[in-house]
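Working notes, structure below.
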Amino acid sequence: QVGVLGLLDEECWFPKATDKSFVAKLEKELSQSTKYRKPDFRSTADFSVVHYAGVVDYNAGKWLMKNMDPLNDNVVSLFQNSSDTFVSGLWKDTDNLVSLGAAAASSESPFGSKVRKGMFRTVGQLYKEQLSKLMEVLSNTNANFVRCIIPNHEKRAGKIDSHLVLDQLKCNGVLEGIRICRQGFPNRIAFQEFKQRYEILTPNLIPKGFMDGRKAAQQMLDHLELDKNSYRVGQSKIFFRAGVLAKLEEDRDTKLTEIITIFQAFCRGNLARKNYEKRTQQLSAIRVLQKNCLNYLKLRNWPWWRLFTKVKPLLDVTRQEEELHQHQDELKKVSDTLDKLETQYKELEQTHAQISEEKQVLSEKLEQAQEAYVEADEMRQRLSTKKNELELLLEDLEAKVEEEEDKGLKLTDEKRNLQQSILDLEE
C-alpha cells in the first residue's frame, strides 16, 4: 500500500494539484488504514497519523510546494566553491540534497518508485533513499544506540520529572525493548565457549579428553541448578534470558577471586619461608663470625700464639720440601708404571701379529674345507639322483616280475583246466 509520502509524490506530478486535493487523496486511499485518522471537525489539522509514540496531527499547508522545492546546481556549486571557509563548509555535504541536476539520471529507489529522466527528485523520494541507506548501514553493522533523556523542562540539575522520563522511555521504545528482552533470550553463547569460560564453576565435572560440546554444556547447566525457564539449549548455542549470563559472570569473577586469593596466600607463604631460611642462615653465619672474633681476641696476646705465628712460616717451608719429595716419588712411580705399560704393549703387539697369522691360516683351511664341502654336496646330489633313478628302475622291474608271475599263474590255471578237460574226454 502506498503511504503518505508516496501519495504526496504522485500528487506533485499533476499540474493542477493543491494541498486540499492531496488531503482528499489521503482520505480516499488511506481511510481503511488503522494508522490513518481523520481529525475532529473542531481541529485545525488536515489529518492524523497513529505513530508508535502516539497520535500526531498534521497540517498539509504548502506540502506540495515544499516537496517540489529543488536546489539550483549553479547556486550550490557557487556556495561550495566560496572563498569563505565557513560558507563552503556549510554546503560541502549537499550532494545528497534535492537538486535539478540529480534528475538527469534514471534511478530506482529501494521502495520501488522510479525517478524518470527529465523529472527532479522530490523531498519525499530523497527521504526514502536516505532511510534505505540508513537501514542498509544498520543491517551491515552492529549499531549501539544512545538514548538521550531530558530529566526536566527547567534544565535544573538534580531534578527528575518521573512522568516526563517515563514518557520519553516509552516513546523511544526502551520500555518495549526491555519487555521483549525479558520475555526472550537475548544472550547467547556457543557450547565450546560456554564450557571454556564457565567450567571453573563446575570443577571436576567434565572428564578429561574429548566430549561433545552440547553434552558437556548440558551437564554444566544441570550442575549449576539454573531455572529451566531461564535458558534454552539450541543446536550450537545456549540462549539465556536477560541477567542470567551476567549472574554467571559475577559467580565466575567471585570464583576467580577466591582462587587468586588462595594462590597469593601460597605464594606469600613460600616467599616468607624462603626469607625465614635465609635469615636463619645469616644468623648462623653471624654467630660463627662472632665466635671466631672472640677466639681471636683471646689468642691475640697469648705468648704461645705469638710463637706459633713466627714458627708457622718455617713449618710451611718444611712442608713444601716434603711435598716436593713426595711429588718426585710419585713421578718415579709413574715413570716405572709407564715403562711396564710400554713393555706390555710391545708383547701385545707381537701376540696380535701371531694371532693374525694363525687367523689367516685358519681362513685358508676354512676356504678349502668349504670347497671340499661343496664338492661333497654336489657328489651327494648326483648320488641321490642316481639312487632315485635306480629305485624307479627297480620299481618297474618288480612290476614286470609281478605281471609275469600273474601270467604264469594264469597259464598254470589254464593248463590245469585243459588237463581236466582231457581227462574228461578220455573217460
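Each residue, glycine too, has its Cβ placed from N, Cα and C.
Per TrEMBL, the range carrying the annotation region 'Actin-binding' out of 39-61, 131-153, 292-314 is 131-153. TrEMBL tags one of the stretches 378-402, 403-427 as region 'Disordered', and that stretch is 403-427. Within the model, the region 'Actin-binding' (131-153) shows a mean pLDDT value of 87, rounded to a whole number.
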